[in-house]
Amino acid sequence: MIPGPATLPDLLDRLQVVALPMRVRFRGITTREVALIEGPSGWGEFGAFLEYQPPEAAAWLASAIDAAYGQPPPVRRGRIPINATVPAVPPAQVPELLARFPGARTAKVKVAEPGQTLASDVERVNAVRALVPTVRVDANGGWSVDQAAQAAVALTADGPLEYLEQPCATVGELAELRRRIEVPIAADEAIRKAEDPLAVVRAGAADVAVLKVAPLGGVWALLDIAAQIDIPVVISSALDSAVGIAAGLSAAAALPQLQHACGLGTGGLFVEDVAEPAIPVDGALAPQRVAPDPARLRALGAAPDRRQWWIDRIKACYPLLYRRSGD
């Protein structure tokens with residue numbers, strides 16, 4: 001991860017920090033903070049979640065630099081099918097949430113959230129299944145193997161699942177679960193948070209690889225990993241702003257094959273974004289570069305103390321880019 005022409009003073013000089021209000025609580029937060037960098041090639045987004053320490057967050061900074069200073073890959077397709085995203089909400093809220101994803105034929109439903117029960121997960125999934133033909137669920141590693149096996153039975157009692165995303169935390173658990181159930185398994189955290197992102201595939205622990213641009217270090221880094229994977233790839237958002245979504249669409253548009261809907265419709269989870277949200281047409285988005293609206297940047301600007309927090313974070317992450325590259 002070599003930043004190339006992006007010096008630290010240059011990055012900080014080009015920095016904008018925004019706080020995006022969310023419609024519903026997601027990943028335990030109601031406001032999403034991200035740092036945006038305007039470079040010679042466009043805008044990049046640094047939005048590593050607040051609890052991530054510099055060694056993990058550095059890849060997210062590399063992704064922002066890649067977008068702001070690098071060149072995008074060639075486009076292979078002009079239409080990216082997307083899935084709707086349904087947080088851990090009561091079933092009554094499901095129709096309103098799905099209405100923000102016009103034409104989407106696939107929905108990803110959050111399950112295994114703290115404080116939730118399997119029964120409430122089943123109710124939520126069935127409410128989604130009544131409105132969308134293809135349903136996948138995401139447990140974010142929240143189950144043990146036995147719990148995941150039980151959940152697979154309960155969640156498929158009234159219809160199939162496209163896949164279980166990260167039902168358990170470790171590669172070993174995923175491999176054991178895959179031997180025990182027939183529902184396909186997708187790996188997310190087991191790829192993006194691993195020292196070796198290919199280990200889960202080599203272990204035969206997943207049927208689908210969920211890849212996210214920012215945690216993997218940028219579009220080109222993601223495409224390099226995807227080229228080494230012999231299972232289908234789904235490109236997904238890391239709760240990105242419109243800038244980060246554009247990077248995800250660029251990656252999805254460059255893949256040689258794209259079999260599944262991508263998780264790149266999460267802009268609908270924000271009350272306000274830095275650019276006008278792209279509206280899906282027949283359940284799909286078109287890849288395009290995005291430039292934030294100056295008025296929105298001003299209106300959504302983070303408080304001075306939060307801006308300084310992100311500056312300090314970039315200063316802590318930046319030296320690690322060279323260290324990861326062996327320089």
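For all residues, glycine too, the Cβ spot is worked out from N, Cα and C.
Mg(2+) binding, as stated in Swiss-Prot, involves D138, E165; the candidate among D121, D146, D188 given for that site is D188. Residue environment of K212 (active site, proton acceptor) contains 26 other Cβ atoms, counted within 10 Å of its Cβ in all protein chains.
Contacts of K110 (active site, proton donor) defined by a Cβ separation under 8 A and a same-chain sequence distance of 6+ are given as F26, T85, V86, P87, A88, V137, D138, N140, in order along the sequence. Spacing of D188 (Mg(2+) binding site) relative to K212 (active site, proton acceptor) is 8 Å (Cα to Cα, whole number). Annotation note: D188 (Mg(2+) binding site) sits in a coil segment as assigned by DSSP. Here E165 (Mg(2+) binding site) comes close to K108, R136, V137, D138, A139, I185, A186, A187, D188, V208, V210: these same-chain residues lie at least six apart in sequence, with C-beta atoms under 8 angstroms from its C-beta.
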